[in-house]
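Structure, as structure tokens:
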Amino acid sequence: MALTVTKTSNWTIEDSEQLYRIQGWGEPYFGINAAGHVTVSPKGDRGGSLDLYELVQALQQRNISLPLLLRFSDILEDRIERLNACFARAIARYGYQGAYKGVFPIKCNQQRHIIEALVRFGQSHQFGLEAGSKPELLIALAMLNTPGALLICNGYKDRSYIETAILARRLGHTSIIVLEQPEEVAEVIAVSQALGIEPIVGVRAKLSTQGVGRWGTSAGDRAKFGLTVPEILTAVEQLRAAGMLNALQLLHFHIGSQISAISVIKDAIREAGQIYGELVRLGANMQYLDVGGGLGVDYDGSKTNFHASKNYSMQNYASDVVAGIKDACRQRGIPDPTLISESGRAIASHQSVLIFNVLGVSEVPKITPEPATAEEHLIIRNLYDTYQAIDENNYQEAYNDALQFKGEAISLFNFGYLSLPERARAESLFWACCAKILGIARQQEYVPDDLEDLEKIMASIYYINLSVFQSVPDSWAIDQLFPIMPIHRLDEEPTERGILADLTCDSDGKIDQFIDLRDVKSVLELHPFRPGEPYYLGLFLNGAYQEIMGNLHNLFGDTNAVHIRLTPKGYEIEHLVRGDTMQEVLGYVQYQGDALLEKIRCRTEAALAEEQITLAEAQHLLENYERSLRSYTYLSS
């Protein structure tokens with residue numbers, strides 16, 4: 001293992017680009033300008049960019065406090081355009097006779113302004129929506145107004161869900177009910193007959209092809225959703241017996257939310273193509289093939305099959321889907337179906353950037369120790385001698401010695417043979433040894449396994465104005481990696497190594513895994529914190545799933561969110577969605593602000609009567625309490 005090598009020459013923005021890998025995960029939307037600030041180009045390579053640091057400062061001048069979620073509508077539009085353009089090129093290249101009609105899975109980001117923008121941007125492509133629950137179906141019915149767009153109805157379904165989806169046909173929706181559980185078949189038949197409306201029905205297949213990584217269990221015989229091949233055949237016969245086989249028009253599969261290897265996609269397409277052909281042979285009126293999600297996001301910029309990356313481009317993906325289904329249909333002499341993908345992660349991730357500030361830093365002491373004297377305890381003299389002797393020839397042995405002496409010092413203290421000042425002296429010497437050893441280790445091409453954790457042990461803790469549980473729950477829950485970096489000072493060398501600790505009173509409220517080249521780093525390169533000066537960090541590619549899955553741990557609520565649109569003169573704020581106030585989050589757990597305030601007022605009156613508080617103090621307390629109820633749940637800068 002090689003530790004981060006510290007440069008001794010003058011630092012440049014090119015060094016920062018390489019260190020934070022922004023050209024890998026950020027293209028074509030994010031870069032670094034000559035001022036050392038992160039820039040965002042919401043329209044990709046079509047021109048126009050904003051200085052992210054200057055944008056954040058301008059928003060703060062408008063009383064929009066950090067932490068802050070920036071949503072760039074132009075990026076959302078660009079993602080839809082790119083996805084449709086990739087499929088259009090693939091269709092033209094392979095002479096595919098069907099069309100492509102994408103849908104956005106609402107579960108990826110249910111925010112109203114996001115869905116409104118997606119529907120608007122997708123109109124020219126007949127881009128539709130996918131619902132995975134009854135509430136999401138209600139959103140889709142109301143928001144989707146694009147003629148010819150598809151409404152894919154997934155998830156668990158009761159009679160009410162099925163009735164709503166079928167009745168939506170009367171509003172002109174092309175609503176397709178995807179059968180995912182065996183019992184849904186009879187329910188759809190019964191509801192259809194009761195309403196006198198023939199639905200469009202699909203089946204979700206449990207492919208034997210499985211993805212890799214943490215989403216690999218989305219497919220396979222024991223997947224949560226879908227029908228096995230025998231269950232699909234049973235569904236076909238049930239529909240045939242009811243005289244409704246003509247309603248079966250779609251095959252759907254899903255092999256995972258983030259597929260890192262293109263080979264997995266190819267295998268799934270091959271298997272699905274054969275199932276589709278067999279359904280045609282059995283007499284179903286097949287028209288659509290829904291390849292589900294899986295189009296990945298390159299979170300670490302490595303372009304590999306690492307779980308935080310993908311070894312293919314969007315064009316590779318589209319071409320393999322089109323070519324695979326084209327081959328399957330040509331073999332059987334059947335028409336090419338309309339292709340559907342549910343590429344929510346690939347569409348929504350890039351448009352959101354989470355900005356937060358550093359509140360303070362806890363560092364390992366960086367001191368040159370005073371020489372040990374003959375009067376000091378032997379363990380202290382041993383630690384100092386170890387420190388003095390450290391060089392590039394013995395740094396591994398010295399580290400093991402320092403660990404041993406530190407352990408002995410703690411044992412001596414616990415048995416009463418060392419005083420508290422002596423223990424403090426021993427610990428300071430131990431950290432001085434570690435700092436000296438780490439300085440040598442960073443210059444080596446190879447570092448022994450014994451020293452792999454040294455970088456993390458010596459890392460500073462940067463306290464951030466954020467709740468990991470609220471804003472990046474996947475970082476905590478499934479160890480997902482997101483690109484994180486400073487948005488300014490990138491013309492300076494980041495000489496510190498740190499982890500990020502959030503505001504919650506929970507030891508899990510931290511981020512201590514960071515992107516690396518096809519690997520995971522335990523520390524992030526950061527700049528020295530300057531008290532009194534703002535230090536802003538950005539977390540990128542977090543537009544899918546994070547907002548809705550966040551929770552209220554310690555009652556930290558939603559952050560402020562600003563929708564930004566590029567204009568010829570700069571930018572405009574399309575929407576400002578204020579984050580939760582303390583009164584709002586207290587309401588979520590059944591506390592009423594007025595009732596709480598009244599309780600405090602009664603207590604202050606009682607304290608006044610007992611002369612425990614002055615009138616001025618009571619007034620100050622009440623004003624502060626009332627102001628706090630109306631305030632943001634996060635710390636003010």
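Placed from the backbone N, Cα and C atoms, the Cβ positions cover glycine too.
As written in Swiss-Prot, here are the features:
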- Leu289, Asp290, Val291, Gly292, Gly293, Gly294, Leu295, Gly296, Val297, Asp298, Tyr299: substrate binding site (BINDING)
- Lys107: N6-(pyridoxal phosphate)lysine (MOD_RES)
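Sequence features, as recorded in Swiss-Prot, placed on the structure.
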residue: Lys107; record: N6-(pyridoxal phosphate)lysine; Cβ contacts under 8 Å, 6 or more apart: Gly132, Ser133, Glu136, Gly344, Tyr545, Ile548
residue: Leu289; record: substrate binding site; Cβ contacts under 8 Å, 6 or more apart: Leu250, Leu251, His252, Ala272, Gly273, Tyr276, Ile325, Pro337, Thr338, Leu339, Ile340
residue: Val291; record: substrate binding site; Cβ contacts under 8 Å, 6 or more apart: Phe253, Ala268, Ile269, Ala272, Val321, Leu339, Ile340, Ser341, Glu342
residue: Gly293; record: substrate binding site; Cβ contacts under 8 Å, 6 or more apart: Pro105, His254, Gly256, Ser257, Ser341, Glu342, Ser343, Gly344, Arg345
residue: Leu295; record: substrate binding site; Cβ contacts under 8 Å, 6 or more apart: Leu83, Ile259, Met314, Tyr317, Ser341, Ser343, Arg345, Ala346
residue: Val297; record: substrate binding site; Cβ contacts under 8 Å, 6 or more apart: Gln258, Lys310, Arg345, Ala346, Ser349, His350, Leu541, Ala544
residue: Tyr299; record: substrate binding site; Cβ contacts under 8 Å, 6 or more apart: Trp25, Ala308, Ser309, Gln480, Leu481, Phe482, Pro483, Ile515, Leu541
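DSSP assigns the residue listed as 'N6-(pyridoxal phosphate)lysine' to a helical segment in the three-state reduction. For the recorded site, Leu289 (substrate binding site), the DSSP three-state label reads strand.
In three-state terms derived from DSSP, Tyr299 (substrate binding site) belongs to neither a helical nor a strand segment and is classed as coil.
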